Amino acid sequence: LTGVLDDCLCDIESIDDFNTFKIFPKIQKLQERDYFRYYKVNLKRPCPFWADDGHCSIKDCHVEPGPESKIPVGIKAGSSNKYSKAANNSKELEDCEQANKLGAVNSTLSNQSKEAFIDWARYDDSQDHFCELDDERSPDAQYVDLLLNPERYTGYKGPSAWRVWNSIYEENCFKPRSVYRPLNPLAPSRGGLGSVCLFSWTGLCLEKRVFYKLISGLHASINLHLCANYLLEETWGKPRWGPNVKEFTRRFDPAETKGEGPRRLKNLYFLYLIELRALSKVAPYFERAVVDLYTGNGHEDAESKALLLDIFRDTKSFHMHFDEKSMFAGDKKGAKSLKEEFRLHFKNISRIMDCVGCDKCRLWGKLQTQGLGTALKILFSEKEIQSLPENSPSKGFQLTRQEIVALVNAFGR
C-alpha cells in the first residue's frame, strides 16, 4: 500500500515510519505490564440476537480455570451438544474439536494476581458511552491474562462466524450503497459467490463513511492477526504457529478479492489514525497526578505511567492526525441525532460480540470493540477532558480500568 488515505491528509508511508520506529516498541512493552495484561471479561453472556446453533458455537463450550500446575482444560463440550445437520459429519466434528482446543482461553491466574484485582476494582467508576459493558460483578466475569491468550487462528469459521460479520455489516453498519462483501456463504449468489460490484460512496456523509471504515478496519485487523499467527502444523501434539501467506492473499490480494483487499487494508490504517487521535486527546486525563495505573506495586505503577506518558508525547508529535472536528459539525439538532445514531449502532455491534462461538475469538472481539468504543468516547468528550480538575476525582469524564486496558490493547493490535 502507498499514498494518501481517504478522508484525511495522511499518507501510509508516514504512518508506517511513525509506528515502526516510535509507537510500536513502546506499546508492546506497555502491554506486557501487569496493569495492561489482565482483562476482565464475561465469556458466558448469551447471544441476544439468535440461538447459538452455528459451527462450533456450542452452548456448553466454556472456559474452566485449571490448577496452576496443569495446562488449562479450555473449552469443553458437554453431553447436550446440538449440531446443525450440515455440521454433523466426521470432518466437521474433527474441525470443531480442533477449534475448541485452539480457541480455548487459558484462564490460570496466581492468587497474588487475584488479590490485586480486588484492589484495582476500588479505583474504578462505571460509565460508558459507546459499548455494552460486561457486569464485572457477575460470577461469570473472570480475569484473563492476555499474554497467555494471544489473538490467532483458532479454527473458528463457517456459517457461525459469517453470521456475526453479516449481522454487523448488514444490520448495524452504515455502508456504501453498492458494496456487498465477497465470499459470503450466507449471501445470495450474484454472478458468482457473493461477488463484489463497483464501490460508491454516493449519498453517504463523512460520519457514516468513518463508521463503515472503522468496522472494516477492525475486521481487517482481526483477519491479519489470524493470517500472521496461523496454525501451520501440529505434530506430536506440538502446534507450530506462523505467517500463512496463502491465507493473507486469499483475504487481501486484489485479484482474489475483486479489488476490495487493498481498501480493507487502508481501512486498517484509518482505524489506527482514529485510535492514535484518541490517545493524543486523552493525555490530559492521565497527566494529572491524581490518576494512577494502580496494581499495588508502587514502583511498577510509576514505571507504567511514565511509559504511557511517553507514548502520549509521541502521539502529540504526529503531524497528520485525523480531524474529528469535521464530524457532527452541521446544524445542532441534526448533528446530535446523527451522533446518537452512531453511538447506538456501535453499542449494538458490541452486543453482537456475545454471539461469537469461539471463546478466544469472543475475548479479542469484545476487547477490540471496547477499545474502539473507548476511543470514540474520548473523541466526543474533548471539552469534558480539557476541563477536568487537577487534584480531585474526575467529573464529567471518567475511564474505568477496563476501558483503559481495552484502549491500549486494541491500539496495540
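For all residues, glycine too, the Cβ spot is worked out from N, Cα and C.
Curation plays no part in TrEMBL annotations; they are all automatic predictions.
Here TrEMBL flags Cys358 as active site, nucleophile.
The active site annotation in TrEMBL covers Cys361. With a cut-off of 8 Å between CB atoms and residues at least 6 apart in sequence, the same chain places Gly103, Thr154, Tyr156, Ala161 near Cys361 (active site), listed in sequence order.
What TrEMBL lists as FAD binding site is Arg152, Thr154, Trp165, Ser216, His219, Arg251.
Feature annotation from TrEMBL assigns disulfide bond to Cys56-Cys61 (among others).
Annotation comment: TrEMBL describes Cys358-Cys361 (among others) as disulfide bond.
Taking the Cβ of Ser216 (FAD binding site) as centre and 10 Å as the limit, one finds 24 other Cβ atoms among all the protein chains shown. Rounded to the nearest whole angstrom, the C-alpha distance between Ser216 (FAD binding site) and Cys358 (active site, nucleophile) is 21. Note: the Cα of Trp165 (FAD binding site) and the Cα of Cys358 (active site, nucleophile) are spaced 14 Å from each other. Here the CA atom of Cys358 (active site, nucleophile) lies 16 Å from the CA atom of His219 (FAD binding site).
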